[in-house]
Amino acid sequence: MALLEVENLSAGYGLFQALRGISLAAEEGETLAIVGANGAGKTTLLRTICGALPAMTGRVSFDGTSIENSSAHQLARLGISMVPEGRKLFPSLTVEDNLIIGSYPKRKGFWTVERVYALFPELVKRRNNRGLDLSGGEQQMVAIGRALMANPRLLLMDEISLGLAPIVVNQIYKSLPEISGHGTSVVLVEQDLNRALSVSNHVYCLLEGHVELSGLSAQMDRQALIDAYFGANA
Amino acid sequence: MIAMSTMLNGVLLGGLYALYGLGLSLTFGIMRTVNLAHGDIIVLATYLALITTQVLGLTPLMSLAVLVPVMFCIGYGLQRLILNRTLKDGMMPAVIITFGLSFVIQNGLLLGFSADRQVLRQGAIETMGVTLAPGVTIGVFPILTLAVLLVMIFALQAFMGRTLLGRAFRATSDDPATAELMGIDGKRIYGLAMGLSFAIIAVTGVVMGIRSNFSPFDGPARLIFAFEVIIIGGMGSIYGVLAGGLILGIAQTIGGAINPTFFQLAGHLVTLGILVVRPSGLFPETIERD
Amino acid sequence: MAESQIVTPRPYARTSSAALPLFALAVILAALITLPFWATGYTQRSVLEFLYFLALAQAWNLMAGYAGMMSIGQQAFVGIGAYGLVVMAEDLGINPFLTVPLAAILAVILAVPVSWLLFRLKGAYFAVATWVIAETVRLTVNANIDWLGGGRGRTVRSLGQFDRHLREDLGYWVALALAIIAVFGVFFLLRSKTGLALQAIRDTENGARSVGVETRRTKRIVYLFAAAIAGATGALIYIVQINVRPDAAFSINWAAYVIFIVVIGGIGTIEGPILGTLVFFFLRDMLADLEAWSMLIFGLIAIMMMLFAPKGLWGLLNTHRPVLLFRTARRLPERFAAHKEGE
């Protein structure tokens, strides 16, 4: 059985339905990439999985348990962590306090403050700075480290390269193998198709709220993915 | 000599005002809504202390052993059972509910205890004084108030800065939606914050009742002083509460020394002056959010 | 096809179903205008009180329910109006009834600088700051200006020139005019462009600002309107009561009663405060001999309404079939409404 299973999921905001019958699955230790144009429903999908947004219809199960009616704080304790779009550091907390607050779900595991610093050594000299004093790349590292502090079984990452210089993005993506190496499954949203294909086992392309194309990243036909991204077959 | 004794009295009065402000600052900083019944709840705590001393035969300060946990539970219950139900509709429901609660408490106390002024009797300490210099005598209990205040401020600062729960309070204040993603149950945090605020109010109420007499309608003025302390000190800042209390106390005593009718007015004018030049107060800590 | 580009939501059009409410409105107005000729003095005094509470409630509802400005300090302007009456009638020799509109102007003049201070503050800060300002004015008048009589206040002796019945009748008609101005002032304000801006502000203030709504100007119009109504009401109240004392004129109860009225009736509608004022007077009459109980019960009712019927009695009546006496709600043209549903 897969760690995360999403079946026929629909969700949205008020009258606006952003997801229409999405299904996907992620195995333990696997990395999934979600691609798609702006407004395709990628962020809505992550927000629904992590409990920040209620599902309208459909099922989400995590390690065999139905979670579509659970709230975000319950799911964090079950082992689903989120790196939200825009990083969302707590502005009045220092870098170190931001990391420590990540351990609030009190889940035992590999990740500790020291090990996050080992993963992102840039943060050590910034540990007593407030979150907003940092560069965008450093903030993104804190956001990832904060999510890791919960020792999640499933890590959701929403557009972690947004607004960052390519060199910084490379550096952040370099940490990904180590993260999944400790058994964490990753679902990440990424605009850059090449990068999405290179870091993931499976890729799902969303179009207007449904899965337009999915498959093993290694075998994915790039042109088919680009067509799905732009809705050329629709 | 007069100037010095005025300043000293201002500082000692400011200690009491900072106590008024401390509990309100905590909930205001975290929930971002103002508890308009704050002053009345201080008075309610004083009456509860009165009952406790009469029924159990305890001194007012000893009654805190009962009062602090009881008040914590009342605050926790108020937040979880009533105020949390209206969170999604913005701050107006909480403001109106606590405004209604203020009238319920005032008139409930009036019906239960009459409008007669009451006092808590702690004994000789109430009237003991220390003469610092000829003509400059200060009360022992006001000094004790200041000490209690400082202990509570340091304890609260340590709690917020060094414990996981304290960090969760600050994270929830910054951004409740993201705090949920960290496994923090915002409604529980709000309940605990209100409970903690009520526990502080229990101490405040007893200190107030020993220092001066009280009646059912004393609450609104206490709320205004508490709020002025926060406006002056800056929202969410624990040390700002100390600064705000002292400034308000000194402003009132100086105003009162010039003309007895300027006493409260001087405090209001200083507060409005701060709002004009620094709307976020002298030492703001809490981050603005929409 | 240029017409299809117009997307401004229009107020509900008048239809034949509007004829009945209009007729009812005309009958009620006629009855109210002629009331001094057929009603008892007691009824007249009660209706007079009803009318000025209605005016205050409409103004507060416009401010809090539509513009999101949660004020608990309107008693500042009630008191300013009251003292405006005293000074203008006693010291300047102006006809007391003429001071009612002048008190409104005085309140607006003083509300302008106050709004500069208040509009920098948000949410709860705004609410308590309105109260601190009202207290500051009260204490200033209370103690420091002998000319205004200090804590004992002053009496409007020049009212003695009028026969008691004439004074009561004139006062009644002024109150009626004030209530009509408040109700229809709010009505026309909401139907104007300002009303659209207000709805945008209520939905999301930052969003409204980003699409070019002048939020500050709109809120200031509303704030000054509410101050004018409160100022005029203050002068009117003390034409009836004659003796002005700071503790009464600047009492927080002016704010409290009005908040209870609007919360009971329904915040954010014109009909709500009307219904709320009726219910408030009914309850207050029933509890007249039990003052502490009545305030306790009003407090409890406010709490219960917020928990179980946040849209008030008017909202409860309207859950199934919208009855709009005052058509201020706007709807999208059919084709856009249909499109939205279909998405």
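Any Cβ shown, glycine's included, is placed from N, Cα and C.
According to TrEMBL, the feature transmembrane segment maps to B:6-29 (among others).
Per TrEMBL, the feature transmembrane segment maps to B:64-83 (among others).
Per TrEMBL, transmembrane segment is recorded for B:95-115 (among others).
Annotated transmembrane segment per TrEMBL: B:135-160 (among others), in sequence order. Beyond the ends of the transmembrane segment (B:135-160), by six or more residues, the same chain brings 1-2, 4-5, 8-9, 11-13, 15-16, 18-19, 22, 26, 122, 125-129, 166-167, 169-170, 200, 203, 207, 210-211, 238-239, 241-242, 245 to within a C-beta distance below 8 angstroms of the stretch.
Distant neighbours of the transmembrane segment (B:189-211): 16, 19-20, 22-24, 26-27, 30-31, 35, 38, 41-46, 48-50, 60-61, 63-64, 67-76, 78-80, 83-84, 87, 118-120, 122, 126, 141-142, 145, 148, 152, 156, 165, 168-169, 172, 179, 222; these residues of the same chain sit at least 6 beyond its ends, with a Cβ under 8 Å from one of its Cβ atoms. According to TrEMBL, the feature transmembrane segment maps to B:189-211 (among others).
Tertiary proximity for the transmembrane segment (B:223-250) is limited to same-chain residues at least six positions away from its ends with a CB under 8 Å from its CB atoms, namely 7, 10-25, 28-29, 34, 36-40, 102, 149-150, 153, 156-157, 160, 173, 267-268, 270-271, 274-275, 280-286. The feature transmembrane segment is assigned by TrEMBL to B:223-250 (among others).
Taken from TrEMBL, the feature transmembrane segment applies to B:262-281 (among others).
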Other parts of the chain folded back onto the transmembrane segment (B:95-115), taken as Cβ under 8 Å at six or more residues beyond its ends: 33-41, 43-44, 47, 50, 82-83, 86, 215-217, 219-220, 223
